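A.B. asks: Following this message is one structure expressed as structure tokens.
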Amino acid sequence: MNVLEAVFLGAVEGLTEFLPVSSTGHLTILEKLLGHDIDDPDITAFTAIIQVGAVFATLLYFRHDFRRLLAAWGRGVRDPAWREHPDYRFGWAVILGSIPIGLVGVAFKDQIETTLRSLWFVGGALILWSGVMGYADHVGTQKRHEEDVTWKDTLVIGIVQCMALIPGISRSGATMSAGLLRGLDRVAVTRLSFFLSIPALMAAAALQVLTKSDDIADGVGWPATIIATVVSFAVAYVAIAWLLKFIARHSYSVFIGYRLALGATVLFLVATGIVSAT
């Protein structure tokens, strides 16, 4: 992979990681169009590792929130009186909500990295989950806010987040849809989606580094991977700021329309043989 491709893919990762359009789906499509074998271990590892850039963008953007949550969590561990504090309960809720995707990701690791990366799955998932997003956006009451989030909310959202292991579903699209169906408002579910992303993405990247470091070195190359990660960080930071402002005033309709168009295009290209599915 050359530097220009790394910069391009890093920018796409940073832009799409937190938008409900599936960053992994986009990377899978683009890696295929750039001539890479999307089933190669080095390509699947590259796709997971560059998400770390988006994670660090989240940590930087929400640094004050994380500092507050960690302080409350630490006090709650030491002092039972703090255990009813909203920040303490929210911290535990995020931890609980992160467990399901870790368990499912490990259990189905081989299928996620091979079979599910087929463009048939990507295109179909983009279209099918658009219907779920549209339904959630339409029926969600949005009467509950971030301070109302409970461990039951994050557990349900965390279970639904497992669907995002299928490229094309979108981790943020899954968590936001589940949150809306739990009655949370758009800003609350968007912020919660950011918080839930950190354990999931860091664990996925760490697993790839530990198990496929040699594949990266021999294939894509660590220089290209590091460059893409840095670009992902910069673009993701801007995307986070934009999304929070956008979602406070608009529905998910623009993302749903985009997903439908992209999914239909992908399926057309594969069905006509213009692009192979794997």
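Cβ from N, Cα, C; glycine included.
Source: prediction; values computed, not measured.
Below are the features listed in Swiss-Prot for this protein:
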type	residues	note
TRANSMEM	42-62	transmembrane segment
TRANSMEM	88-108	transmembrane segment
TRANSMEM	119-139	transmembrane segment
TRANSMEM	187-207	transmembrane segment
TRANSMEM	224-244	transmembrane segment
TRANSMEM	254-274	transmembrane segment
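Show me how these features fit into the structure around them.
C.D. replies: Listed by sequence, the residues of this chain that lie at least six past the ends of the transmembrane segment (119-139) yet keep a Cβ under 8 A from its Cβ atoms are 20-22, 25, 28-29, 32, 163, 166-170, 173-174, 176-178, 180-181, 251-253, 255-256, 259-260, 262-267, 269-270, 275-278.
Tertiary proximity for the transmembrane segment (187-207) is limited to same-chain residues at least six positions away from its ends with a CB under 8 Å from its CB atoms, namely 17-18, 48-49, 51-52, 54-55, 58-59, 61-62, 94-95, 97-98, 101-102, 105-106, 109, 144-146, 148-149, 154, 157-158, 161, 171-172, 175-176, 178-180, 240, 243-244, 247-248.
Remote same-chain partners of the transmembrane segment (224-244), defined as residues 6 or more beyond its termini with a Cβ less than 8 Å from a stretch Cβ, comprise 1-3, 5-7, 9-11, 13-19, 46, 49-54, 56-58, 60-61, 187, 190-191, 194, 216.
With a cut-off of 8 Å between Cβ atoms, the residues of this chain six or more beyond the transmembrane segment (254-274) that come close are 19-22, 29, 119-120, 122-127, 129-130, 133-134, 137, 168, 170, 173.
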A.B. asks: Any residues 6+ beyond the ends of the transmembrane segment (88-108) with a Cβ under 8 Å from its own?
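C.D. replies: Non-local partners: 69-70, 72-73, 75-76, 82, 146, 149-151, 153-155, 157-159, 161-162, 164-165, 192, 195-196, 199-200, 203-204, 207.
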